[in-house]
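Going by TrEMBL, these are the annotated features:
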DOMAIN    34-92  domain 'CTLH'
REPEAT    448-491  repeat 'WD'
REPEAT    918-952  repeat 'WD'
REGION    1100-1136  region 'Disordered'
COMPBIAS  1107-1136  compositional bias 'Polar residues'
Amino acid sequence: MSSLSRELVFLILQFLDEEKFKETVHKLEQESGFFFNMKYFEDQIQAGEWDEVERYLSGFTKVEDNRYSMKIFFEIRKQKYLEALDRQDRAKAVEILVKDLKVFASFNEDLFKEITQLLTLDNFRQNEQLSKYGDTKSARNIMLVELKKLIEANPLFRDKLTLPSFKASRLRTLINQSLNWQHQLCKNPRPNPDIKTLFTDHTCASSNGTRAPTPANNPLAGPIPKPGVFPPLGAHGPFQPIVSPPPSAIAGWMSSATPSIPHAAVAAGPPGLVQAPSSAAFLKHPRTPPGAPGMDYQTADSEHLMKRIRAGQSDEVSFPGPSHPPNIYSPDDLPKTVVRNLSQGSNVMSMDFHPQQQTVLLVGTNVGDISIWEVGSRDRLALKNFKVWDISACSMPFQNTLVKDATISVNRCIWGPEGSILGVAFSKHIVQIYTYNPAGELIQHLEIDAHIGGVNDIAFAHPNKQLCIVTCGDDKTIKVWDAVVGRKQYTFEGHEAPVYSVCPHYKENIQFIFSTAIDGKIKAWLYDSLGSRVDYDAPGLWCTTMAYSADGTRLFSCGTSKDGESHLVEWNESEGAIKRTYSGFRKRSLGVVQFDTTRNRFLAAGDEFQIKFWDMDNTNILTFTDADGGLPASPRLRFNKEGSLLAITTSDNGIKILANADGQRMLRMLESRAFDGARGLSESVNVKPLIAGGLSPIPNASASVAPILERTDRIQQPMSIGNLATMESSRVDVKPRISDNVDKIKSWKFPDIADSSQLKTLKLPDPLTACKVVRLLYTNSGLALLALASNAVHKLWKWQRNERNPSGKSTASSVPQLWQPTSGGLMSNDLSDAKPAEDSVACIALSKNDSYVMSASGGKVSLFNMMTFKVMTTFMPPPPAATYLAFHPQDNNIIAIGMEDSTIQIYNVRVDEVKTKLKGHQKRISGLAFSQSLNVLVSSGADAQLCVWNIDGWEKKKLRPIQAPPSLQSPLVGETRVQFHNNQSHLLVVHESQIAVYDTQLECLRSWYPRDLLSAAISSAIYSCDGLLIFTGFSDGAVGIFNADNLSLRCRIAPSAYISPPISSSIGNSFPVVIAAHPSDPNQFALGMSDGAVHVIEPSDAETKWGGSTSQENGALPSIASSSALNSQPSETPSR
């Protein structure tokens, strides 16, 4: 093939890629053998599409071509064989052996025999060379690294791994140039040439005196070209069209009964005939190549009406459309004053203000819970932890997903149009719909298994005057559901990537939905089954959200590219073009930038640890605020409907409320009403009904008073700026003194559980020798408990599926089996000759897929197969002995091992090599915690010091001792353990003298010291799976359950509640040495006891969560808000 023909193939490849003919692109790559697409090759391997992998490779090389090629095919087929063995598919493994691997027997017969022998093993990992084989995903990634090296070294792939460099849409440009040249050769060139085909050369027909049709009668009339030249067919044509909107823009997709619109010949009338589109006209259907917006050549049978997108037009270009009123607001109208700080307790993912009650805020978090806050009084009106309402009604893929990984996050939460209903979209499959009444109660309404994968957005719409729910998800679809019974009404398919957001809207009684996907495509849909009506490229080509101004006349979008480039733009609807692009973003935004609009005048976006504001009519930034600091890099934000309040997220899992003058006046009114209610209550507690007009609950009211109030204190009245003037004129200006009065009636009572009838508890059966439990873990699936005793023996309890326990999850209501393999062997650690096992420090870590456990009890570190209990390998013989183990979050083959000599060794199991040794502590390592999002490892030691290490270069970033209690002057010593919160920004630090929460700079945020009824030394503590609670064990046998956000006590469990009386009297010193938290049930935990027993504990059936009805603010034994230099007295009230 000639070099020009070869280049033509590259141009065709580019054209096919721009037109999204993905399968055809890769077919041409393979058939021509000109370009090897490494990204496509990697994707197919990671997806396990082995037939496609070999088919694609066959276009470039064969097995016998050279030693590199042979090695490439061998690695692929070996991986396919091992995966079949791993899933116990022996028939498939034999087929692969005979058909695919036998070809290598002639080259290495011994290797083929060894591969064949793997069929005889129960688990191929019993083979020494394969003992370090991880899960399927990690094995494929490791193989890919090797394959890429082989491909790059293979001479047959030389010059085939990169595309030649040429401009985008090059083939279009050549066709434009050809058409212009053909037109110049015409004998009678016409000013407005009519091109209907590319199959024959262009010639202008001789004029017969007839007039060209006017634009009014031609739905496809385009921009008026310069006289005497052919209008360019793409963005790369030599002649640029005059910027002028098309006439009859409404004749596009919104008025069409079908997406297939025949194209008439392009003709243009005189400029004076160009008319402004109606207010409903917008967004016809262009298809634009990435990075190069342009108009495709139009053919008579084209499926879609195609228009040129003019991205990034300057502000000077004017577009017909609705006129906007002059700016009647000033920057002082923006809410920039911090008036409230709310502590949510976990990372806030989504917020939405109530459409009528201007101070009621809905919040969803990364642990799946939702809260409703009354920001005026700072009260949390409702809190719903994530729970699947009816698991039996959910699809099997969703059930399997929950079994593998129970963590779930809120992706979006939103109020319905009237505020009587709200919707929550979760990161896995489902949406939940609640009804909301004025008393602040949330009532379950609908649970819909909506999408395969994550549900990325949810919105409400009113097609056909019926309330509907619109959702989108990772399965690349948009779905519309009936809001009454949850019946699916429409499914919109057409996106080629996960759908990131939806924006329902209506104009002139036409209902439609915009959707954006993570490949940057914007599409629009009518409520029919006729497909997408538009296809645009969003700036940044990644995560984009769209929103209209409050009056529905102006459309904006905000998005961030994979490289961190952020774009906030206004669209011209009639043209599908970008009207203006707003400047002022950080060059590399740290995260996806969020935005909101208010008052039909202002835009706001979170960027660079600030909130930035723009006037809608000016591309330059108007002003900004850092809200007194403490914001994340890209804070989330939400205006209330009137624009008087702005909620923004903080880096410490909180929310700040910013207000303008109107908002501050509204909050003062709420405070005054709350103060009046509190004063009246303190004067006469026996009064049963409160004033019906109370806007907010009485803060910190005692539990004994709450039933008397009959929840009338929670009735929310609509509050708006418009009625504040009359309200204020009828009230005396009283400075709020809520805390002075209400705290007098505060009751610090909390549940003290002392009897087994007040909870559910189960002592696990154990016929083996009882020895102190030193380590205790739930499996990641939540189906089993693994204990390590002081005699170096592991014990594994598995729950079975039955009528009482259909899920098979661990529970105190069903007795599990102490599981052992058929061989009957125990899983025992290697012991040290120098020290008895009981005197050694034990450590344990479990792989993510529950297949392997790594453990040590003073001797070598052992790697066990959890199915067979067999030792797969041992390493790290003492001295020094291993004292703590932690898997690297990104690579199961990398392990951080804390040592008895105070060092930390970073060990690669696969190559049996210590990569580096970290030194910083003075005594043995007692805790290790990785944070993948922060890219750090935090270590703690028996020297009571904390150290932060960067996991890229393993350099030490910070070292400091933990903060001693105020009563203790000397520095602390003793075992210290650490655990990251779900939000990865807070760190739980556990020492016998305290539980404390630190930030990532090792600053102590709050701490709690044993006292009063919980005065014994702390033996263990751990976060609940949702991060809302801290389960804490004490050396006297008691258990304390604390709120994670402020360390206030929810309840105390006495030893008598879970230890039966005979044992309690004979072994009075039994206490929980270690606590384990269930991976998906936030209220279940297990205790590993000093007498060898293991107890599983849950709330009673009457109380669904610990602490019962006790409010989060009504906990006893408040924590001490700490700073780096603690010099204050313990606080009288817990921090909110």
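Each Cβ is built from the backbone N, Cα and C atoms, and glycine gets one as well.
Confidence across the repeat 'WD' (918-952), taken as the mean pLDDT and rounded to a whole number, stands at 93. Per-class residue totals from DSSP over the repeat 'WD' (918-952), listed helix then strand then coil: 0 helix, 22 strand, 13 coil.
Secondary structure by DSSP for the domain 'CTLH' (34-92): 41 helix, 0 strand, 18 coil. The helix, strand and coil residue counts that DSSP assigns across the repeat 'WD' (448-491) are 3 helix, 25 strand, 16 coil.
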